[in-house]
Amino acid sequence: MTNTRKSHPLIKIINHSFIDLPTPSNISAWWNFGSLLGICLVVQILTGLFLAMHYTSDTTTAFSSVAHICRDVNYGWLIRYMHANGASMFFICLFLHVGRGMYYGSYTFFETWNIGVLLLFTVMATAFMGYVLPWGQMSFWGATVITNLLSAIPYAGTNLVEWIWGGFSVDKATLTRFFAFHFILPFIIAALAMVHLLFLHETGSNNPSGLISDSDKIPFHPYYSIKDILGLFILLLAFMTLVLFSPDLLGDPDNYTPANPLSTPPHIKPEWYFLFAYAILRSIPNKLGGVLALISSILILTMFPILHTSKQRSMMFRPLSQCLFWVLVADLFTLTWIGGQPVEHPFIIIGQLASILYFTIILLLLPLTALMENKLLKW
């Protein structure tokens, strides 16, 4: 009699994905973030579901309903802060996951990589709409500023913005539709994540050396299931420390003031995980140019497979490319810092230089360095 795990039509799929999956024997803790992202998504969907039971998407009561959740609902404060900080944890894992893909050359799996970039866009859209829902000052003005960027699109821009707003400004219609989209998008993300996994399991995982590992593979369970659980506990420790000790650390104090269309906050800025893109947007004085740079800063990830000029897949044995990669990481930290600063000297010029460096490293320096390394290795 065959094992149910291997013969049952439904359990068989789970078995091939998480139990008997042949996995390279040398993948490091950097390969943990895929499963952690899955857990983050589940946490966000569950906490979001319970928040949606008490939240009202009306401009007059949205802010009060969030206060009601925190004060009157059983453990409402915990659910709310887990959801808010869960987004931050989600993005930390996302950035590390993408960074690992860039470092170890995982982008050579075209379909997996491009669906990953699409997932990044979808998660960013979901997080942006979620930030609008508490209807605080930064929610309202963030929504106004970011949606207004679409007016830079020639000819159709103004009509498009008013269509998204559902009126002539960010108002009740905008909040209602943002809530609807914020509710549905995580399920679309879950579906995309399954497609992401489907394509990954067609080729098998990459590994730190970047070499083909078919001759040396081990089953995912128990080896990597245990390893992933360790990563999960470390993530939960950091996450719950943040939620229980300083839940407002990553938030904006302005969002504790109810939205007021007549009073503009001194510095309008998005959540920390968008600051790098926001800095790139602000570094260009022209509105349309800024919007194009903003979109390009993420879309440029789809260029990685095309720009790969090295004879080696991974950066593990390429010290010059490694140096450039870490300069790029430092540059992203700089952009994140600049995005949170006011638009004044010297922050403007630092932001412009950091933006130029970001695109130069990816489009020019990394491919040229890889070619030089090929020459140094006499390939």
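Each Cβ is built from the backbone N, Cα and C atoms, and glycine gets one as well.
Pulled from Swiss-Prot, these are the features on record:
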{"type": "TRANSMEM", "residues": "33-53", "note": "transmembrane segment"}
{"type": "TRANSMEM", "residues": "77-98", "note": "transmembrane segment"}
{"type": "BINDING", "residues": "HIS83, HIS182", "note": "heme b b562 binding site"}
{"type": "BINDING", "residues": "HIS97, HIS196", "note": "heme b b566 binding site"}
{"type": "TRANSMEM", "residues": "113-133", "note": "transmembrane segment"}
{"type": "TRANSMEM", "residues": "178-198", "note": "transmembrane segment"}
{"type": "BINDING", "residues": "HIS201", "note": "ubiquinone binding site"}
{"type": "TRANSMEM", "residues": "226-246", "note": "transmembrane segment"}
{"type": "TRANSMEM", "residues": "288-308", "note": "transmembrane segment"}
{"type": "TRANSMEM", "residues": "320-340", "note": "transmembrane segment"}
{"type": "TRANSMEM", "residues": "347-367", "note": "transmembrane segment"}
Residue numbers, six or more beyond the limits of the transmembrane segment (33-53), whose CB comes under 8 Å of its CB atoms: 69, 79-80, 82-83, 86-87, 89-90, 93-94, 96-97, 100, 182-183, 186-187, 189-190, 193, 228, 231-232, 235
Binding-site residues compared (HIS97, HIS182, HIS201) - the one with the fewest other Cβ atoms within 10 Å: HIS201
Beyond the flanks of the transmembrane segment (320-340) by 6 or more, those residues with Cβ under 8 Å of it: 99, 102-103, 269-270, 272, 274-280, 282, 310, 347, 350-351, 354-355, 357-358, 361-362, 365-366, 369-370, 372-373
Residue from HIS83, HIS182, HIS201 whose C-alpha is spatially nearest that of HIS97 (heme b b566 binding site), among the binding-site residues: HIS201
Between HIS201 (ubiquinone binding site) and HIS182 (heme b b562 binding site): CA-CA distance (Å): 29
